[in-house]
Amino acid sequence: MSSGDRKHASGGAVTVSRMRAMKREGRPLACLTAYDYGFAAACERAGVDLLLIGDSLGMVVQGHETTLPVTVDDMVYHTRCVARACRRALVVADLPFMSHTGVEQGLHNAGRLMKEGGAQMVKLEGGAEQAALVERLAQNGIPVCGHLGLKPQQVHKIGGYRVQGREQADAERMEADALALEAAGADLLILECVPAVLAQQLSERLTVPVVGIGAGGGCDGQILVLHDVLGVTEQPPRFARAFGAEGGGVHAALEAYVAAVRAGTFPGPEHGFEA
């Protein structure tokens, strides 16, 4: 099947406007991370809607304990590998740690991910303090995905990988951050390790799609790290489900994940967090 046939068979490429339409129609987005051509192609065949080249590659590909050592050059390389495989899925690339400390630096590095890597959207961690950068990126035609809740690039500041937004003040701050990012021009938001009730409230409040990871089933879509889905992670997080451990091989695991997200059977209550 040619690339054009694949696009036609899957209903066309996933775009910002298509994701908004899916939110309006109540059709969940099935998203995964990917870091190379082979697995990205497998995700394409399984019908994954969005592929994130996450700085999580620092941990699952490079073997670091955190995402902090990942460089922009690393991200460009892996984004380029993934983008070559994608005809339908939206390609999103992370701005890694310390790559967007100022608006001009962030614009330059986001431009690299788009021009050199082939990304169609960039993701950055942070709330209202990133609004100026988000606005500048949007003005330059660069789609943006925000990231709130647990922000792995701040792991040392927050004291580990912990659920965020359980306290009322924290929940209110997260809502304000989400609204600020949307107002600045963000096109998508990822919520990580957030109480399910709060995540659903934010999903209903925002007009842009909200994708959860460890944020319950009330979001507009779900994303997991590929390695967790395939069951190759030694100690997977509690919000993940190892579809690959259920038998059938890589393609069966990816198809099962996509089907479960679209049917609303994943995540279950056991994969989320209470306030």
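Backbone N, Cα and C atoms are what each Cβ position is placed from, and that goes for glycine too.
Copied over from Swiss-Prot:
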BINDING   Asp55, Ser56, Asp94, Lys123  3-methyl-2-oxobutanoate binding site
BINDING   Asp55, Asp94, Glu125  Mg(2+) binding site
ACT_SITE  Glu192  active site, proton acceptor
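You'll find the Cα of Lys123 (3-methyl-2-oxobutanoate binding site) roughly 13 Å from the Cα of the residue listed as 'active site, proton acceptor'.
Asp55 (3-methyl-2-oxobutanoate binding site) counts 28 other C-beta atoms within 10 Å of its own C-beta, drawing on all protein chains shown. Note: the Cα of Ser56 (3-methyl-2-oxobutanoate binding site) and the Cα of Glu125 (Mg(2+) binding site) are spaced 13 Å from each other. Counting other CB atoms no more than 10 Å from each candidate's CB, the recorded positions Asp94, Glu125, Glu192 peak at Asp94. The Mg(2+) site is set by Asp55, Asp94, Glu125; from the centre of their CB atoms, other residues of the chain with a CB within 8 Å are Gly54, Ser56, Thr67, Val70, Leu95, Pro96, Phe97, Lys123, Leu124, His147, Pro152, Gln153.
On the backbone, the CA of the residue listed as 'active site, proton acceptor' and the CA of Glu125 (Mg(2+) binding site) stand 11 Å apart. Straight-line distance linking the Cα atoms of Glu125 (Mg(2+) binding site) and Asp94 (3-methyl-2-oxobutanoate binding site), rounded to a whole number, equals 9 Å. Looking only at other Cβ atoms within 10 Å, the busiest spot among the binding-site residues Ser56, Lys123 turns out to be Lys123.
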